[in-house]
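Student: According to Swiss-Prot, the record shows the following:
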- 24: N-linked glycosylation site (CARBOHYD)
- 144: N-linked glycosylation site (CARBOHYD)
- 1-17: signal peptide (SIGNAL)
- 20-275: topological domain 'Lumenal' (TOPO_DOM)
- 297-335: topological domain 'Cytoplasmic' (TOPO_DOM)
- 276-296: transmembrane segment (TRANSMEM)
């Protein structure tokens with residue numbers, strides 16, 4: 001259905017372009033998108049009627065609300081002079097990178113018609129961010145020169161203001177310009193270390209447009225923003241996943257450990273489980289002690305008897321000799 005509607009709008013646009021001259025713009029389109037969820041900003045989209053031009057004060061209020069949450073590491077303000085809402089229909093296929101970044105964002109809103117904005121708006125918003133979001137550095141880049149941007153790897157917050165050249169009026173040249181600027185945007189955003197970026201894309205320098213463009217019911221990337229509106233305020237880039245904690249079974253050792261470091265023989269459970277074995281060990285031990293006792297005693301007695309006999313054998317000749325001497329003494333006295 002969206003595809004058919006696009007073709008019908010292109011046919012209607014072609015008929016107007018062939019028959020009408022261009023006139024100065026009285027309003028400009030605008031897009032906000034942020035990688036992280038920006039709470040409270042979606043109500044500006046819900047309250048917006050694309051048939052009516054959004055007042056400048058309401059736009060600035062929405063921009064400050066969008067930036068004041070301070071949920072980004074880099075704030076990118078893109079000024080595309082001469083941008084008109086018809087470009088998003090006629091050159092939709094050239095906005096490849098822009099659409100991809102909007103699609104992956106958590107918050108995205110768009111306004112097809114906004115009152116003409118001050119040319120110094122981005123500098124005012126940069127001061128607002130510096131004051132409320134603790135940002136020190138502001139980088140100003142020419143949108144047609146990649147050499148202006150020096151890649152950085154630190155974690156300091158920054159404001160980047162991209163000033164594209166004014167779009168040409170020729171259709172083919174305008175198409176080529178959008179393709180080139182889209183690639184430039186991809187080059188810059190891809191080199192920013194953190195994906196947490198808040199981006200505002202609009203025109204601060206109005207150009208020309210069709211006299212009856214306001215009556216053409218053009219929407220900015222309806223395939224993307226219709227989904228964003230239906231989803232509502234949902235964080236789509238939450239790095240910390242909200243998942244239940246993993247549950248693990250209690251640790252159980254493969255083999256049950258003993259109740260203490262040392263096994264005691266007085267453990268009642270040990271005695272009960274090994275009663276027969278303990279009785280056998282005790283009987284053998286007692287028998288061994290008795291055998292050792294009686295065998296040792298018999299050996300001692302035998303040794304004493306042997307020693308006594310040896311002593312008797314050794315002393316008998318001496319006693320005999322002494323007796324003979326005693327007997328000789330009386331006989332000598334008689335003579």
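One-based numbering along the chain as shown.
Every residue, even glycine, has its Cβ placed from backbone N, Cα and C.
Walk me through where these features lie, including what they touch and how far apart they are.
Tutor: The Cβ of residue 24 (N-linked glycosylation site) has 206, 207, 208, 209 as same-chain neighbours under 8 Å, each 6 or more residues away in sequence.
DSSP assigns residue 144 (N-linked glycosylation site) to coil in the three-state reduction, placing it in neither a helix nor a strand. Residues within less than 8 Å, Cβ to Cβ, of residue 144 (N-linked glycosylation site) and separated from it by at least 6 positions along the same chain comprise 164, 165, 180, 181, 184.
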